[in-house]
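For reference, the structure discussed in these notes is given below.
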Amino acid sequence: MTELSRARYAELFGPTTGDRIRLADTDLLIEITEDRSGGPGLAGDEAVFGGGKVLRESMGQGRATRAEGAPDTVITGVVVVDHWGIIKADVGIRDGRIVALGKAGNPDTMSGVHPDLVVGPSTEIIAGNGKILTAGGIDCHVHFICPQIMDEALGGGITTMIGGGTGPAEGSKATTVTPGSWHTARMLEALDGWPMNIALLGKGNTVSSESMWEQLRGGVSGFKLHEDWGSTPAAIDACLTVADAAGVQVALHSDTLNEAGFVEDTLAAIAGRAIHAYHTEGAGGGHAPDIITVAAHANVLPSSTNPTRPHTVNTLDEHLDMLMVCHHLSPKIPEDLAFAESRIRPSTIAAEDLLHDLGAISMIGSDSQAMGRIGEVVLRTWQTAHVMKRRRGFLAGDNGADNQRVQRYVAKYTICPAVAHGLEAEIGSVEVGKLADLVLWDPAFFGVRPHAVIKGGMIAWAAMGDANASIPTPQPVLPRPMFGAAPKAAAATSVHFVAPHALEDGLADRLDLSRRLVPVANVRSRGKSDMPRNDAQPRIEVDPDTFTVRIDGDVWEEQPAAELPMAQRYFLF
């Protein structure tokens, strides 16, 4: 019997059980814990496409028709990185959903073929060998300021956006709110043809319950409370009362100036109810200087945004001007300047790094064009993980590879926001039954630029060379829209998430939309313990005079990074 060395096997079929892979140019390594597509015990008839290879008629390709259950697409021999594990598998897609992770091929000629991965004449093949597959990213903090953010997001591995806005209006530039049923209807129509799942947030800054119910019937998926509209205790309580009755989530950007109360007053108004705390961080806004302490509470689902990810020597310098623009402030007004400066605290920005590494801050979003960069959600997440690896070493349970840390960080922009907003039945992980919103990465470019973005089973975005070239690879190779980004295909492979009451009220009949409307579900019972790998509740204290942060009694010292991976080695600008 012919034997292959591990190195030769990896060259032919991709790495297998026990092999380790470096993520981009970071210090992070992953180790494959299981190979369902081949490797030890299954080597010899891996599903590989190409001239002289396995997936040919009467060899790896069988006779099964689509009507008999053949998958529409199989991604072969790919390393799946998800919150639940790091394995290698062939991944099957049918009707836009994941149907199996196992071994693909022809059971007439091959052993161990998964019954839902029988390759037939109707099956397309995407070669995942030597590549990494993650769930499509979920940006849980989006300002819909301009439509071009869709291109940037897709090019960064994002397939779902949660947020609000109506365009470059001052309210939208500041507050991630789509206010009122008219604006909501127009935005749902405008976003119908993009290869992106959408969950709009309505305005929760009101004590008028009817105005909130009106927005729910109009198609929002939940509410946003923002200090620029007045995040008072009364508004918080009123919004959460409606949210509890409607079964939707509330995202909160609290009161930086402490005008209507302090962080303790906001927590009292929340009264133990589930809430997504935006900007649980060092510079994004919310009660100064101690909004970060809410990450210790069991009912609070905390997120932070990417402009402070990770803490570097340049973080503070860029924030003041960004803040003045985003929140319609004037440097000529002393009070505006003081407001801005109160939000930018190096000690709490530094603590944000550690709280992410502990799993105490559960999610990362962009805050797109409102201090954050929508194309860098995934990239900034992995830069943070790298910085923490360098400073803190391996996490408990890791030894020689960083599987625990990697599974924690990938959850921050996939399953955790899906759970927080009631979307996890449809998206958020690489699991059977979910939409095939998937991102394929070359390991050398992991987190930097995807090899391909698959939306609802169809390639929507990909690294592609000159279209007039004789082959697909000649330079310039750029992230480009593919056929899955065409409006009708995009609508067929994407969804709008809405409140259940919108469907009960006949929204689908009132609006001429091409895509499915899907109700959010199982939201109000969620808590920190439901955040996979990100459920820590350490004791957090902030000194009101020095802003020193103590986590479980220990001071976390500022050590801003002077150099990062995934940066100038990959980008000219």
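Any Cβ shown, glycine's included, is placed from N, Cα and C.
Swiss-Prot lists 136-573 with the feature domain 'Urease', giving sequence analysis as the kind of evidence.
Taken from Swiss-Prot, the feature Ni(2+) 1 binding site applies to His141, His143, Lys224, Asp367. The local packing around Asp367 (Ni(2+) 1 binding site), expressed as other Cβ atoms within 10 Å of its Cβ over all shown chains, amounts to 30.
Within 10 Å of the C-beta of Lys224 (Ni(2+) 1 binding site) we count 30 further C-beta atoms, all protein chains included. In this structure, Lys224 (Ni(2+) 1 binding site) is part of a beta strand by DSSP. Summarising the annotation, Swiss-Prot assigns N6-carboxylysine to Lys224.
For Lys224, His253, His279, the entry in Swiss-Prot reads Ni(2+) 2 binding site, with the evidence type sequence analysis.
For His226 (substrate binding site), the Cβ neighbour count at a 10 Å cut-off comes to 26, with all displayed protein chains included. The substrate binding site feature in Swiss-Prot is assigned to His226; the stated evidence is sequence analysis.
Annotation source Swiss-Prot lists active site, proton donor at His327.
For His141 (Ni(2+) 1 binding site), the same-chain residues lying six or more positions away in sequence with a CB closer than 8 A to its CB are Ile162, Gly163, Thr176, Ala251, Tyr278, Ser303, Thr305, Gly365, Ser366, Asp367, Ser368, Gly372. Those same-chain residues not listed among Lys224, His253, His279 yet with C-beta within 8 angstroms of the centroid of the Ni(2+) 2 site C-beta atoms are His141, Thr175, Thr176, Leu225, His226, Glu227, Ser231, Ala251, Leu252, Ser254, Tyr278, Gly284, Gly285, Gly286. Mapped onto three states, the DSSP output places Asp367 (Ni(2+) 1 binding site) in coil. For the binding-site residues shown (His143, His253), fewest C-beta neighbours within 10 angstroms: His253.
Neighbours of the Ni(2+) 1 site: apart from His141, His143, Lys224, Asp367, residues of the same chain with C-beta atoms within 8 angstroms of the site's C-beta centroid are Val142, Gly163, Gly164, Thr175, Thr176, Ala251, His253, Tyr278, Thr305, Gly365, Ser366, Ser368, Ala370, Gly372.
Other C-beta atoms found within 10 angstroms of the C-beta of His279 (Ni(2+) 2 binding site) number 30, with every protein chain shown included.
In this structure, His143 (Ni(2+) 1 binding site) is part of a beta strand by DSSP.
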